[in-house]
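Notes follow the structure.
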């Protein structure tokens, strides 16, 4: 009756054993360094305001409740982990499932495993070094190369991303078949050119850390005190994959509120639904999150590289098309 159902896992059993060993090694890396493992909710009362993230939601119907309550599946454990930092946990890490209502393909699955950790009193560069240590231990790779976003853009695109005028960026984007108008959002143009032109040319032989993204792409990172055009944000790339995204974390609750509000302004311009701002995160920031750097790393992609797999479903027990 059910013989034709595709019940088998998308990863073979040998791969699942290898994946488990890698995850155990990740845990050992942090416990050996005295970093506390934590667990936080997958469901949250607040979604994310970021215009580039699409989220899943569900309705919670409590007994005797007059109406249901919308809850959001987290795109990251970041907000809850920062509340723990404000409570005084010190350095923490987490391995968890996160959800993004976006594409599914060779590198993406709507549900995936994230490693996220926070290091109070680390600056961005010290955390970059720790990510490098982790990659060397898990992947047995060469030490990472580091370059600024500005340098990478100038080297491979041929223009300065911090000063190039919009018409120049539009012309370049069209050269690479991006259909856009002259009034296209500047960051959209930069992100397209970076992903299309720069990313394929870096991190092939060894991991590469790209740091100091434009201030307009700061997200939850601090703006550099040395150059207000850039944010204290970095990303790691290796073997054609974006592996990690890290920040010298913004801890000013007023600035964070302003950024959330600006996200909703941008959402209105793009005809996207408004998102309620996470007041609990702002309360934690106001109470006092220590000076901290944090990073999120895609575990499935890390396993892909470690085991030389080309598609993300090859390292997952069940991908979205077989869940």
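The backbone N, Cα and C atoms fix where each Cβ goes, and this holds for glycine too.
Every protein chain considered, the tally of other Cβ atoms within 10 Å of the Cβ of residue 76 (substrate binding site) stands at 21. As annotated by Swiss-Prot, substrate binding site applies to 76, 77, 78, 118, 249.
Look at Swiss-Prot and you will find 100, 101, 102, 109, 242, 243, 298 tagged as ATP binding site. A sphere of 10 angstroms centred on the C-beta of residue 242 (ATP binding site) encloses 16 other C-beta atoms.
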Among the binding-site residues listed as 76, 77, 118, 249, the Cα nearest the Cα of residue 102 (ATP binding site) belongs to 76
Within 10 A of the CB of residue 77 (substrate binding site), the number of other CB atoms across every chain shown is 24
Cβ atoms other than its own within 10 Å of the Cβ of residue 118 (substrate binding site), all chains, total 28
Within 8 Å of the Cβ centroid of 76, 77, 78, 118, 249, the other same-chain residues by Cβ around the recorded substrate site are 79, 80, 81, 82, 116, 220, 294, 296
All chains considered, the count of other Cβ atoms within 10 Å of the Cβ of residue 243 (ATP binding site) is 25
Integer Å value for the Cα distance linking residue 242 (ATP binding site) with residue 76 (substrate binding site) is 16
